[in-house]
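Q: Attaching a single structure in structure tokens format; questions to follow.
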2 protein chains.
Amino acid sequence: MTTAISYPLPPAVVEATVAAIRFDANGLVPAIAQQHDTGEVLMMAWMNAQSVAESLTTGRACYWSRSRQSFWRKGDTSGQVQHLRELRVDCDGDTLLLLVDQVGVACHTGRRSCFYRAAAPDGLSTIADVVTDPLVLYPPHAHDHQAP
Amino acid sequence: MTTAISYPLPPAVVEATVAAIRFDANGLVPAIAQQHDTGEVLMMAWMNAQSVAESLTTGRACYWSRSRQSFWRKGDTSGQVQHLRELRVDCDGDTLLLLVDQVGVACHTGRRSCFYRAAAPDGLSTIADVVTDPLVLYPPHAHDHQAP
């Protein structure tokens, strides 16, 4: 689905990309993470200008955690890193799509994708199994219980 | 990627699904639309409780247009309807994923997907062609110039 891009991208490209994004009143933009080869939508999180620049420079998906109000380099706690393949900007510049190579699982419940509940005739049903025990992702002795 | 679900879903299921969603302070939730068979991420838009219920009842994706502050039954103006296959709720209940069958193009620029710009070594480059002239989607005599 994507050609391999080497990171860091040149600073001028990073700057032009950030400039093309319309961040909201809180300085954030929603970012969809999609597994680059299978097309599976893994999660949605938020980025600020710093996390966009960090992602395009390091080649690793970095977000802004609204709940913790902090920079969130995905996988730092859980090891479930997202290697960035390509960052795309939508027509209005107000949503991003990240094509990634997800190590392990994207969801803090230990499922591959966060979208594991579907509205079906018999109710809102769980359609994906837990792949990794969340206790393995976040051992009780872990210093900082972050999302994956 | 999905089993075929018949709409309308039972009112109790619609109610339980809406109840599982954590709408933001404006009563909205981001909804990602993905082509059900190819996995292509088409667009991201916003839904309120009414548009979720409408989608699960009619089997057509309906959104809430923040720019127009109005209910937006996708395709009413442009004909570029999204037939709903499955609506999924993420782990935190604050993002939706809609598996759809997109008629024509999702983007108001006439491209299949809104995510047609990619950060590449030579800059933010356009990676998808216009499939349908926007003037065909929104003829100058159209009463209401909506997004597709």
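Placement of Cβ uses the backbone N, Cα and C atoms for every residue, glycine included.
Curation plays no part in TrEMBL annotations; they are all automatic predictions.
A quick note: this is a predicted structure, and the numbers were derived from the prediction, not measured.
The feature Mg(2+) binding site is assigned by TrEMBL to A:Asp90, A:Asp92, A:Asp94. Residues or ranges marked as Zn(2+) binding site by TrEMBL: A:Cys91, A:Cys107, A:Cys114. Positions annotated as domain 'Phosphoribosyl-AMP cyclohydrolase' by TrEMBL: A:43-116.
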Q: In whole Å, note down how far the CA of A:Asp94 (Mg(2+) binding site) lies from the CA of A:Cys107 (Zn(2+) binding site).
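A: The Cα atom of A:Cys107 (Zn(2+) binding site) is 24 Å away from the Cα atom of A:Asp94 (Mg(2+) binding site).
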Q: So how many other Cβ atoms are close to A:Cys91 (Zn(2+) binding site), meaning within 10 Å of its Cβ?
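A: There are 18 of them.
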Q: Can you tell me whether DSSP puts A:Asp90 (Mg(2+) binding site) in helix, strand or coil?
A: coil
Q: Could you check the binding-site residues A:Asp90, A:Asp92, A:Asp94 and say which one's CB has the most other CB atoms within 10 Å?
A: A:Asp90
Q: Look at each of the binding-site residues, A:Cys107, A:Cys114, and point out the one with the fewest other Cβ atoms around it within 10 Å.
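A: Across A:Cys107, A:Cys114, these binding-site residues, the one with fewest Cβ atoms within 10 Å is A:Cys107.
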Q: With DSSP as the yardstick, break the domain 'Phosphoribosyl-AMP cyclohydrolase' (A:43-116) down into helix, strand and coil residue counts.
A: 10 helix, 29 strand, 35 coil
